[in-house]
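Participant: One structure, as structure tokens, below. Some questions next.
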Amino acid sequence: MTQPRHFIDLWKLDGATLRLLLDDAHARKAARKGWPQGKVDADAPAKDRVLSMIFQKNSTRTRFSFDAAMRQLGGSAIISTASDMQLGRGETIEDTAKVLSRMVDAVMIRANSHADVERFAQVSTVPIINGLTDKSHPCQIMADILTIEEHRGPIAGKTIAWVGDGNNVCSSFIHAAPLLGFELKIACPAVYHADLHDLARAEGLQGKVSMTTDPKAAVSGADVVVADTWVSMGDTDHDERLAALEPYQVDDRLMDLAAGNGVFLHCLPAHRGEEVTDAVLDGPRSLVWDEAENRIHAQKSVLAWCFGAIG
């Protein structure tokens with residue numbers, strides 16, 4: 001039996017596959033220029049396919065973008081929360097995965113625990129897609145890189161500065177850096193540092209990834225500056241986080257240290273006045289609205305790949 005193509009972590013794929021997905025996303029987006037959102041792509045790679053979406057966390061961009069993506073690929077999506085399902089009453093992940101494998105063509109999970117997604121994938125006979133976990137957010141990084149390339153050309157050779165909490169999104173940037181050939185400079189307080197195992201893996205792949213506690217050093221000369229919320233869903237140390245991360249706010253003075261055509265990204269939702277100022281988020285260097293839209297286009301290519309329509 002052919003093993004399903006799971007999309008769980010970028011480091012489990014190779015650079016050629018990520019490049020294929022990005023090129024496909026660029027082409028699909030360009031081909032749709034001026035189309036209504038509900039019009040199906042010419043090749044309809046998800047025709048007659050059904051995607052199950054399971055949410056253990058609240059979602060705006062992931063929920064709407066995956067639903068729109070499936071519609072544009074010619075398929076459909078079923079949306080549920082864990083509390084809607086028997087998962088919320090004690091049915092095991094393994095039993096749930098076996099049942100859904102008989103009813104849908106792929107499962108996207110936005111989970112509290114990365115281990116839950118891995119357990120789904122171990123027994124599922126259909127592709128499992130990581131829509132966000134506590135450990136990584138690969139779909140977001142594909143959208144981010146798509147956005148960077150739209151505005152600044154190929155990602156290879158670029159320098160990205162991550163400023164703030166070394167969280168799950170930061171981890172996926174670390175995973176991508178050695179595979180796509182960009183430099184990643186991380187600035188974070190020591191108490192909220194990036195995952196050391198991820199850093200070691202990137203180093204083993206000769207990735208140009210570094211970490212500092214100095215945001216100015218990380219941002220200096222960078223092509224792209226990326227921030228994220230300092231307090232994620234489920235975090236209980238709100239006050240401690242704000243105190244530790246206050247020096248890492250991205251404002252115009254920090255952005256002025258970036259390259260002359262440096263741009264700003266944020267996966268949203270943003271806590272305005274905390275990790276980023278209004279002036280940066282709404283300013284001419286911000287690409288966050290294109291970035292949000294590009295979740296659709298990047299995920300369409302992920303889905304097409306999972307279904308075997310490309311690659």
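For all residues, glycine too, the Cβ spot is worked out from N, Cα and C.
Keep in mind that what you see is a predicted model, and the values were worked out from it rather than measured.
Annotations for this protein, taken from Swiss-Prot, read as follows:
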- Ser59, Thr60, Arg61, Thr62, Gln86, Arg110, His137, Pro138, Cys139, Gln140, Cys267, Leu268, Arg295: carbamoyl phosphate binding site (BINDING)
- Asn168, Asp228, Ser232, Met233: L-ornithine binding site (BINDING)
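Walk me through where these features lie, including what they touch and how far apart they are.
Facilitator: Residues near Arg61 (carbamoyl phosphate binding site) in space but far in sequence (CB under 8 A, at least 6 apart, same chain), listed by position: Cys267, Leu268, Ala292, Arg295.
Under DSSP, Asn168 (L-ornithine binding site) is assigned to a helix (H, G or I) in the three-state scheme.
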Participant: Ranked by the number of other Cβ atoms within 10 Å of their own Cβ, which of the binding-site residues Asn168, Ser232 ranks first?
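Facilitator: Checking each of Asn168, Ser232, the winner is Asn168.
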Participant: Within 10 Å of its Cβ, which one of these binding-site residues (Ser59, Gln86) has the largest number of other Cβ atoms?
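Facilitator: When each Cβ's neighbours within 10 Å are tallied, Ser59 tops the list.
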Participant: Specify the count of other C-beta atoms within 10 Å of the C-beta of His137 (carbamoyl phosphate binding site).
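Facilitator: Result for His137 (carbamoyl phosphate binding site): 27 other Cβ atoms within 10 Å.
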Participant: Within its own chain, what residues at least 6 apart in sequence put their Cβ under 8 Å from the Cβ of Asp228 (L-ornithine binding site), listed in sequence order?
Facilitator: Gly164, Asp165, Asn167, Val169, Cys170, His266, Cys267, Glu275
Participant: Rounded to the nearest angstrom, how far is the Cα of Cys139 (carbamoyl phosphate binding site) from the Cα of Ser232 (L-ornithine binding site)?
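Facilitator: Cα-Cα distance, Ser232 (L-ornithine binding site) to Cys139 (carbamoyl phosphate binding site): 17 Å.
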Participant: What residues, ordered by sequence, lie under 8 A Cβ-to-Cβ from Cys139 (carbamoyl phosphate binding site) and sit at least six positions away in the same chain?
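Facilitator: Within the chain, Cys139 (carbamoyl phosphate binding site) has Cβ neighbours under 8 Å at Phe7, Thr62, Ile129, Asn130, Gly131, Leu132, Arg295, Ala298, Gln299, Val302.
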